[in-house]
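Worksheet: the structure to be examined is printed underneath.
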Amino acid sequence: MFDTKALQAEQRQRASEISLHDGIDNQFVRFIAGADVGFEQHGEITRAAIAILRYPSLALVEYQVARVATSLPYIPGLLSFREYPALLAAWAQLQQRPDLILVDGQGIAHPRRLGVASHFGLLVDVPTIGVAKSRLCGDFLPLHQDVGAVQPLFDNDEQLGWVWRSKIRCNPLFISPGHRVSVGSALAWVQRCMAGYRLPEPTRWADAIASNRPQFQRWLRKNPDFLGKRRDMI
């Protein structure tokens, strides 16, 4: 059994350490990472991927994958405890450290203000942004169907982030700061990382690698000599 109350208390404590002030010097951002987690063997293995893209070209320069035994079952609201061990293992393998990380998941748009983007950002002390595919908490006004439509995401009077339609006929993204990024800058950075898909390029790559998707396998076959990979980890 897991002490969920103790983990929730830890979340509240760590959330108090989150900074929503920009820790990014826009003129000196050279590398942006995407981070995502998938699961193998019916959830027994956590597979984390971190993709490093050069900015502003958004060209992939490195990726790392780590597999670790899953230490926590799926518990709503405590997902970051399940995911961060594998993320830290992938982080430790990186040759190029990023200036900013976009994480597939929530930042402060979380009932206790500590989604995986915030938790991971605190642990590695790098600016992070949560880019989630669904809402965990907060309310927003109806969103127009046009590309670029945006509404603030609020919990009572506190703005947690943004709801942004990045692609037509697609569900919106839920964007919130993780750590060392302001609410306003979170949306702007995600918008700078788009390349015509629903997801920004950093998390689109990380999602494909973490889940070992067919498009990633096709890319591997076309790029067998890519220097940024760790072939033994795939």
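Each Cβ is built from the backbone N, Cα and C atoms, and glycine gets one as well.
Over in Swiss-Prot, the protein carries these features:
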- ASP36, ASP104: Mg(2+) binding site (BINDING)
- TYR74: site 'Interaction with target DNA' (SITE)
Count the Cβ atoms, other than its own, that fall within 10 Å of the Cβ of ASP36 (Mg(2+) binding site), considering every protein chain shown.
-> 29
Tertiary neighbours of TYR74 (site 'Interaction with target DNA') (same chain, Cβ under 8 Å, six or more apart) | GLY43, ARG82
Could you tally the C-beta atoms, other than its own, that fall within 10 angstroms of the C-beta of ASP104 (Mg(2+) binding site)?
-> 26
According to DSSP, ASP104 (Mg(2+) binding site) sits in strand
